[in-house]
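Single-structure report; data block below.
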Amino acid sequence: MSFDIAKYPTLALVDSTQELRLLPKESLPKLCDELRRYLLDSVSRSSGHFASGLGTVELTVALHYVYNTPFDQLIWDVGHQAYPHKILTGRRDKIGTIRQKGGLHPFPWRGESEYDVLSVGHSSTSISAGIGIAVAAEKEGKDRRTVCVIGDGAITAGMAFEAMNHAGDIRPDMLVILNDNEMSISENVGALNNHLAQLLSGKLYSSLREGGKKVFSGVPPIKELLKRTEEHIKGMVVPGTLFEELGFNYIGPVDGHDVMGLISTLKNMRDLKGPQFLHIMTKKGRGYEPAEKDPITFHAVPKFDPSSGCLPKSSGSLPGYSKIFGDWLCETAAKDSKLMAITPAMREGSGMVEFSRKFPDRYFDVAIAEQHAVTFAAGLAIGGYKPVVAIYSTFLQRAYDQVIHDIAIQKLPVMFAIDRAGIVGADGQTHQGAFDLSYLRCIPDMVIMTPSDENECRQMLFTGYHYNDGPTAVRYPRGNAQGVALTPLEKLPIGKGIVKRHGEKLAILNFGTLMPEAAKVAEALNATLVDMRFVKPLDETLILEMAARHEALATLEENAIMGGAGSGVNEVLMAHRKPVPVLNIGLPDFFIPQGTQEEARAELGLDAAGIEAKIKAWLA
């Protein structure tokens, strides 16, 4: 879409932060209003992350107005909230391409702009990186400032607290801003507290505070009395004792939608020494009433009509794999009181809404804490329960040591329901589920299953849940199922595949939901088609049988080729000295950028035409 200067006259004056800082201060509220309307207009036409950005408009304007970006370095945690940042930093006219193939990256991305200091997508990394950047800036000696913006969800992760603990120890000059959009302490947001924030962030208070510490540092009783007095005074109106104990100078909470007040506070804080913590209160979805009322639904949106106030229903009548999992979970929980379900802040995405309502005492959302989620599951298993950890493939990476140390070594019966396996699409490199087969396959005693359709997914969930000799994993993709009939649940024989079609010369060994494409290729090439089902343990007998009866084999998976299921097939053949040629087809050795799932598969040769072309070229 073309930028409408008449509709956004103030925003039209700002195509860079240098131009922003030339605006008179009194025009900034109007700029914020136009920026919010432009964000609504753009994202509703193109799709993308929505509610978070609406809540950070004033903060973004204030930060770029006060700080000399890009010289001063601004780091956004996760990046869902950074659309206004992209608009103000030279990407205004391209915002309609965000999350699309060849368009703007969905998150801050170093290769896209000098304003994007840290490439992000996963949560809770900003403070750790910010400390390193602040230390480097201090050694550089050019008075470069460092600011990290982190949300109230991301700050719950252990990594954020590890970083703050370190910052309190080495005391770099940096500012951490907590964007709190839960409004959990909204009663503190008002004229008194805004005045207090400006007072506490001022140089007079700061100098008195630090000077008093130095004067009385040698008199422990007086030092302790002063500390307690200060905490008592601040504690009456400030909920920041935790951050103070970690070594930060805490300011807030303040109104995150008062751009003028934010500018005053940020100007005061810019020159303070040591780690600073500013707590701002915002409303997710601010300025668009439907998003304010339902920020979860409007977190990420498809194209929609803003005037309707609602999002279009998903196309197609087929359920998604997440719903298949959620239905199985509820069905099983109704029969087995030992089932416990765990998610690290992915209730909606993992299909667990209905379960959380029907079985609230057996549903555990541990927040953005993947490591804790996995070891918590270990504890439940030790206690005699049957934990199911529902987690995205890309986020399970964050708990790899816990999978090995706390579950696999102890052979605990924990089942991982791995959603978003394979190509995810619009969220790009940070969210593709490209590696789970590779990093799980090498773990002893792990059983790994790859369903080819929704019925097989249900059977595998049932099989994994009733397996008691160690951990299991069932991985399934983002998107709709295939429409096959659902049969009664029964346990599958562990480590056994099935032949779906008999052919000649070539056998295709398929792992997962690329089966429809594999079936088309097998038909076109008159090849044998095998649904391998299990990545671990592999059906070695079936693999050797296929090698003996065919001139060549091709493996197919939506996982990295390196270390994936195909690599396992190669290992079996080499161990048995079978010199049959094998073509491994899967995800290549690079990080896959954003685009639709269909676009990515076509470009990577993982649609039927691409798979057939790869095999023909290899056989030629």
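In case you wondered, yes, glycine gets a Cβ from its N, Cα and C as well.
Owing to the predicted nature of the structure, the values given are computational and were not obtained by experimental measurement.
In sequence order, His49, Ser52, Gly53, Phe107, His299, Ala300 make up the list of same-chain residues 6 or more apart from His80 (thiamine diphosphate binding site) whose Cβ falls under 8 Å from its Cβ. The feature thiamine diphosphate binding site is assigned by Swiss-Prot to His80, Gly121, His122, Ser123, Gly153, Ala154, Asn181, Tyr288, Glu370, with sequence analysis given as support.
According to Swiss-Prot, the Mg(2+) binding site annotation covers Asp152, Asn181, on the basis of sequence analysis. Non-local neighbourhood of Asn181 (thiamine diphosphate binding site): Ser52, Gly55, Gly151, Asp152, Met281, Thr282, Lys283, Lys284, Pro295, each in the same chain, at least six residues away, with C-beta under 8 Å from its C-beta.
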Can you tell which of the binding-site residues (Asp152, Glu370) has the fewest other C-beta atoms within 10 angstroms of its C-beta? Asp152
Taking 10 A as the limit, how many CB atoms besides its own sit near the CB of His122 (thiamine diphosphate binding site)? 20
Could you tally the C-beta atoms, other than its own, that fall within 10 angstroms of the C-beta of Gly153 (thiamine diphosphate binding site)? 20
